[in-house]
Amino acid sequence: MLPGAPGSGLPGVSWCVRIVENGMPGASECLECIDLDRPELPGASGSPGASWCVWIIEKRDRRCGSGKKILNGMQRRKRDHDRCVVTRAFSTKSIRHVCGRCGIGKILILLMVGGLSYLIITHRSPSQLESRALLPNSTIWNAKYAKENFGKIGRFVKKPRELPRRLSPDDIKNSSLSLNHNKLYDKSEWMSRKNKVKDAFMHAWSGYSRYALGYDELMPLSQKGVDGLGGLGATIVDSLDTAMIMGLDEVVFEAGSWIEKHLMERINTKGQVNLFETTIRVLGGLLSAYHLGGGGHGNISDSGISVNLRGLNSEVFLGTAKNLANHLLSAFTSSPTSIPFSDVILNTGSAYPAPGGLSSTSEVSTLQLEFNYLSKLSGDPRYGMEAMKVLEHLKTLPKIEGMVPIYISPHSGEFSGENIRLGSRGDSYYEYLIKVWIQQKHNRNHQLKYLYDMFMEAMKGVKQLLVRKSIPKGLVFIGELPYGSKGSFSPKMDHLVCFLPGTLALGATKGVTKKKALELNLLSDEDLENLSLAEDLAKTCFEMYSVTSTGLAPEIAYFNIEGNSEHALGGGSRSSEYVNDIIIKPNDRHNLLRPETVESLFVLHRITGDPKYRDWGWKIFQAFEEHTKVESGGYSSLDDVTTIPTRKRDKMETFFLGETLKYLYLLFGDDDILPLDKFVFNTEAHPFPIF
């Protein structure tokens, strides 16, 4: 329905209808199909007193350009003479000289002529009437028949007029569905795609279960397992809540049974583990599984997920998590400062710094969601207190425009070096500033307000010092300052940085949709600026995929900028328009099945509702299926994303099941599953409830 049409409910609106052929002003609109991205029409606000003029414009012997879309779902229709037919509405204010306002007298004449026209046109055979009907699900009029029929009464009126057709409720419903930008595919199509992700998870799990059950990771080509994360069966725990979300009861039972039988013993007897990796994957996975399994007041009304544990006791997950955390606490208590040591020896209860003595800033500041939630569940404040000491200490340290170096000393408690980046060793520091603030809803404006302030200050610094545009096409990207703010800028961007679009969007709306945030006046100018940056960066992250031959992103990309001396080594995709913007060096061409881009696509789709994020995610999933799948079971990292056929690395990272496939599944699913205003995901994609 056009704005102001009868039945729209807008007061004081009248219509003038005119059939115009070649030669009138505005007829050139037919020469190109009008783009769908122009949703508004002049005067579309529906303000009282507005009047409209509507033309049916016919331009013979012109074709609509391929790939174009017509305003309000209007369709191109190739008939015998290849016509382009466009219905267009104009405000009378801008073209009063053509139509003028429709006064009472004109309306009476219009009604008389319209009625006469209606009688002449409708007194025809049913077949002729049917051929004159509106196109299905469209408000476009058939100009051919309109011209013929009005021509028959030309002896009465030179240019007859007719009131627009009144749309029935069904027409309105169908029209609104056809114009809904969020439904480029019907629900069944996205359900099908979601199920294909579930099938991929089952293929990955079947390979791990068959060849590597109990090991940390699968080597799919060698068909065996390997312990690279301390031997705690990391893939099992990392995958458990994904299986719960997907409703894979058999996998839930298999993984849960292994945890119940083996994990407690391994925690007590294994040797060295990394504090950060063990916390985000194993501790985080246990806590999430406990909640989704019904523990800690978890229920389907909050998460939208129903889990069948088949007799397993979810309390086992919490008990195992507490035992693990008790061992990991030694990393905090052994350090002379608030900065924990990086490594723990499980069977001795001791902890040590990393070789060289330094810890990664991101690692020491990415423990708080997990330890805070464990304190909430267990009633023991020790876990959260020890973890929060880190952030409280970091608050006191000097920063560069809110940003921090990527190394810190647990011995002195001070930052080391000047290297600033949002990739490896820096990334999740910024992520947890805002997520820890979001997690504790009732403390946001009190004890934890400093975290929000630190995040916003850091994002200002990022925009001021790290954001650049590539040439020639202007992709927005995040670079690095290897030698601090006074050193040279590096146009290098890790794939890890692609967590940032999702984090910026969460920081802007706090997990609610953009539409709701605008309605409630929750978005400041800075929030809107950050949300816009998030969308720009998400596009860049996707183009890092589309620029390669495989459609998969490299681990690291460089961007072409003014004065950059890097040689333009492309990704091999000649079809990408950004082939000259993105530079991929030989040592950076591998792909580890990482989740950061699809994580941000999931968050942005939830917040903005823009279907392009689903489309991008589907293309990425198809590339994973085509190039990383191993027929015997599992998926493999790649050596080089720029060449086909690909060379596989013989390793399936735990986060492929724990994060990548989980985010893709949620991207294609319903928004009421783990809603972002009720759950916060840790950096390994394990969802915790907001409390």
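Each residue's number is its place along the chain shown, starting with 1.
Glycine too: its Cβ is placed from the backbone N, Cα and C atoms.
All annotation found in TrEMBL is predicted automatically rather than curated by experts.
Look at TrEMBL and you will find E277 (among others) tagged as active site, proton donor. In the shown protein chains, 19 other C-beta atoms lie within 10 A of the C-beta of E277 (active site, proton donor).
TrEMBL lists D427 (among others) with the feature active site.
Per TrEMBL, disulfide bond is recorded for C498-C541.
Look at TrEMBL and you will find E555 (among others) tagged as active site, proton donor.
What TrEMBL lists as active site is E596 (among others).
Less than 8 angstroms from the CB of T683 (Ca(2+) binding site) sit I280, T366, S428, E431, Y432, F499, each of them six or more residues away in the same chain. Under the heading Ca(2+) binding site, TrEMBL lists T683.
Cα-Cα distance from E555 (active site, proton donor) to D427 (active site): 14 Å (rounded to the nearest whole number). The Cβ neighbour count for C541 (disulfide bond), using a 10 Å radius over every protein chain in view, is 28. Here D427 (active site) comes close to S362, D494, L496, V497, F499, L500: these same-chain residues lie at least six apart in sequence, with C-beta atoms under 8 angstroms from its C-beta. C498 (disulfide bond) sits 5 Å from E596 (active site), taking the C-alpha atoms as the reference points. The most densely surrounded of the active-site residues E555, E596 is E596 (count of other Cβ atoms within 10 A of its Cβ).
Packing around C498 (disulfide bond) is summarised by its Cβ count: 29 other Cβ atoms lie within 10 angstroms of its Cβ, all protein chains included.
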